[in-house]
Amino acid sequence: MTVTVKMLVQKVKLDVVYATDNLLSKEITTSDISRPGLEMTGYFDYYAPERLQLFGMKEWSYLTQMTSHNRYSVLKEMFKKDTPAVVVSRNLAIPKEMVQAAKEEGISLLSSRVSTSRLAGEMSYFLDASLAERTSVHGVLMDIYGMGVLIQGDSGIGKSETGLELVKRGHRLVADDRVDVYAKDEETLWGEPAEILRHLLEIRGVGIIDVMSLYGASAVKDSSQVQLAIYLENFEAGKVFDRLGNGNEEITFSGVRIPRIRIPVKTGRNVSVVIEAAAMNHRAKEMGFDATKTFEDRLTQLITKNEVSQ
């Protein structure tokens, strides 16, 4: 996904001190953010000009103690053509030398009212999500009791119909048919819809329906963390399925592993209710309540008791 300075301005609600349309369309290529330190003393070894440059109270205070000539020289050296933008936090008064250097080097100069640490967090959060490499997977992503559940299976098995039933039961649709997943970090997977398919569900025999129009804004969600994968497969006599819930199957997307549960589908089985139960059971396991372990402990106690009584 291409991220421009203008997108950052709109998302993080930055004020534009100086910029042109061309400068606002400049692409941001990394989510890393620099807070100049040694650079203000004139040391530019290992300086990364392709990053956003963020000036907070400490950087601003150091600049104000410099002479006008030195301040201009340092900022002129710091502002490179590769630099997408310079951001000043806390609504600090921007030195005229900074404005002059930004104009001469063609750098967008932005400001914000919020604190430096909060601003850095907001910008990093937006850039990490926007610049992350995306992988498209086939399935339906639902928010079930606040948990992101990716429903997959062979074509025609009823994924979208199950998603519709879950919406009717009060859960939220994130994406249908194509789910774009990406890793926010090494352990966190997120998913979102393709823009052209946002809020839409395709139901065989009915066609495409707009879930937001039919069921309201509470029935949809723009993105969700993906915490559990459900794989629907046709029930076959003799095929072994996990009946105790002690299987540890996982699937990997974008380098992140998440647990996967296989659910057999047959006529008369209410799949949506089963998926609800699977989501709640997974949440319970994360909280330390494992029904399978409880059963196994009871079984062990019963066997031990019977052996002693014999």
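Just so it is clear, glycine is given a Cβ too, placed from its N, Cα and C backbone atoms.
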Legend entry - Among ranges 156-161, 246-251, 264-269, whichever one Swiss-Prot labels region 'Important for the catalytic mechanism of dephosphorylation': 264-269
Inset, instruction - Measuring CA to CA, name the entry from the recorded positions His138, Ser155, Ile157, Lys159, Asp177 that ends up nearest Glu202 (Mg(2+) binding site). - result: Asp177
Inset, instruction - Using C-alpha atoms only, work out the spacing between Ile157 (ATP binding site) and Asp177 (active site, proton acceptor) and round it to an integer in Å. - result: 13
Legend entry - Candidate nearest Asp177 (active site, proton acceptor) in space, where candidates are the recorded positions His138, Ser155, Lys159 and distance is Cα-Cα: His138
Legend entry - Additional residues surrounding ATP, by Cβ distance to the Gly153, Asp154, Ser155, Gly156, Ile157, Gly158, Lys159, Ser160 centre under 8 Å: Leu232
